[in-house]
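Positions annotated as domain 'J' by Swiss-Prot: 5-70. Summarising the annotation, Swiss-Prot assigns zinc finger to 139-217 and lists sequence analysis as the type of evidence. Per Swiss-Prot, repeat 'CXXCXGXG motif' is recorded for 152-159, 169-176, 191-198, 205-212. Swiss-Prot lists CYS152, CYS155, CYS205, CYS208 with the feature Zn(2+) 1 binding site. Annotated Zn(2+) 2 binding site per Swiss-Prot: CYS169, CYS172, CYS191, CYS194, in sequence order, evidence recorded as sequence analysis.
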Amino acid sequence: MAKRDYYEVLGVAKNASDDEIKKAYRKLAMKHHPDRNPGNKDAEGHFKEVKEAYEMLSDSQKRAAYDQYGHAGVDPNMGGAGAQGFGGFADAFGDIFGDIFGQAAGGAARGGGRAGPQVYRGADLRYSMEITLEQAAHGYDTQIRVPSWVSCEICHGSGAKPGTKPETCPTCSGSGSVRMSQGFFSIQQTCPKCHGTGTYIPEPCGHCHGAGKVKETKTLEVKIPAGIDDGMRIRSAGNGEPGINGGPSGDLYVEIHIKQHSVFERDGDDLHCQMPIPFTTAALGGEIEVPTLAGRASFTVPEGTQSGKTFRLRGKGIKGLRSSIAGDLYVHVQVETPVKLTEPQRDLLKQFEKALVEGGSRHSPQSKSWFDRVKSFFD
């Protein structure tokens, strides 16, 4: 089944700004999040589709590649394999992207026809990490175990058996590319024997089987900064896959996903919560306590408060990564109707209702206004 256009998935224009793309992603991710749609396979599929679209369009290089070549330009299945459970950023258009960006992701740095082994930068890796809202707000240090490729200790990354060394490729004479002519046309292609490295290995290393790298699990320290938001990435330089022929290692990108909170809903640096209050407090007013990420806070509910009223507590939200002050906490009160009343309680409420009726409409102005608008339906 053909993939949908990434801009169509997020519902944005092709010239949408980074902020518009991020806003659209947040809205759709919240709508289709599996925690909000348990057991809903359609929602799960939409969530994955939205996440994939945002990963591509939020990265300037991948967005440029997608704009020019479509899905083929960013399809990881057409490039080198990354570590298990990770998304590699390499692609099958190294020569084309090398001209556009100077160096292909996970590919070789081109040298303007210069002979010699091609130097390859290691592929970038991606690691998804779930954290709580409290951890996102306050920040913390943690460790992650990352399955990755590392340079082989036996051959020191050369891929050759100890005591031997890679030799210059006889097909391309070490340039990593060959030129094929057909009629008036001449095309330069990656060497089929050495695959662009400029060398080949007569006697491969028995430990890594000539790859020059082996898979192992690394433990890395990760510092989660206070105020980080859902979908943001932390870059760990040099902790991606190792380079080839002395090339630099790629980077590791830790993508943050914040778990749904039982009380709060985040909107940027602001927090929202729904809070039930007794109908007596709503009618008479009073002081109530609310939870915040920093502890308890209190505010006064004025008498006559209606259900759905929103109260703003300044500075009780989250201090974002780029903010000098914290956001606000919005408390949406819901007036709770008492249930399972005893007979004495029922009698008291009936007496109260009678007193309200005798007092006229001044006690229930909204009811009077509503009945005035609909009385024609009952005539």
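Note that the numbers count up from 1, one per residue, in the order the chain is shown.
Using N, Cα and C of the backbone, Cβ positions are placed for all residues, glycine too.
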Distance [Cα-Cα, Å, rounded] between CYS155 (Zn(2+) 1 binding site) and CYS194 (Zn(2+) 2 binding site): 18
Cβ neighbour count within 10 Å of CYS205 (Zn(2+) 1 binding site): 22
Surrounding CB atoms that lie within 10 Å of the CB of CYS194 (Zn(2+) 2 binding site), all protein chains: 25
Cα proximity to CYS169 (Zn(2+) 2 binding site), best match among binding-site residues CYS152, CYS205, CYS208: CYS205
Spatially closest candidate among CYS172, CYS191, CYS194, the listed binding-site residues, to CYS205 (Zn(2+) 1 binding site) (Cα to Cα): CYS194
Rounded distance in angstrom between the Cα atoms of CYS194 (Zn(2+) 2 binding site) and CYS208 (Zn(2+) 1 binding site): 17
DSSP state at CYS191 (Zn(2+) 2 binding site), helix/strand/coil: coil
Separation of alpha carbons, CYS208 (Zn(2+) 1 binding site) and CYS191 (Zn(2+) 2 binding site) (Å): 23
Nonlocal neighbours by CB distance (under 8 Å) for CYS152 (Zn(2+) 1 binding site), same chain, sequence gap 6 or more: GLY159, CYS205, HIS207, CYS208, ALA211, GLY212, LYS213, VAL214
Set of same-chain residues at least 6 away whose C-beta sits under 8 angstroms from CYS172 (Zn(2+) 2 binding site): VAL178, CYS191, LYS193, CYS194, GLY198
Local backbone state of CYS208 (Zn(2+) 1 binding site), from DSSP in three classes: coil
Environment of CYS152, CYS155, CYS205, CYS208, the listed Zn(2+) 1 site - residues of the same chain whose CB lies within 8 A of the CB centroid: GLU153, ILE154, HIS156, GLY157, SER158, GLY159, ALA160, PRO204, GLY206, HIS207, HIS209, GLY210, ALA211, GLY212, LYS213, VAL214
Other same-chain residues whose Cβ falls within 8 Å of the Cβ centroid of CYS169, CYS172, CYS191, CYS194, the recorded Zn(2+) 2 site, in sequence order: PRO170, THR171, SER173, GLY174, SER175, GLY176, SER177, VAL178, PRO192, LYS193, HIS195, GLY196, THR197, GLY198, THR199, TYR200
Neighbour-count leader, CB within 10 A, binding-site residues: CYS155, CYS169, CYS191: CYS155
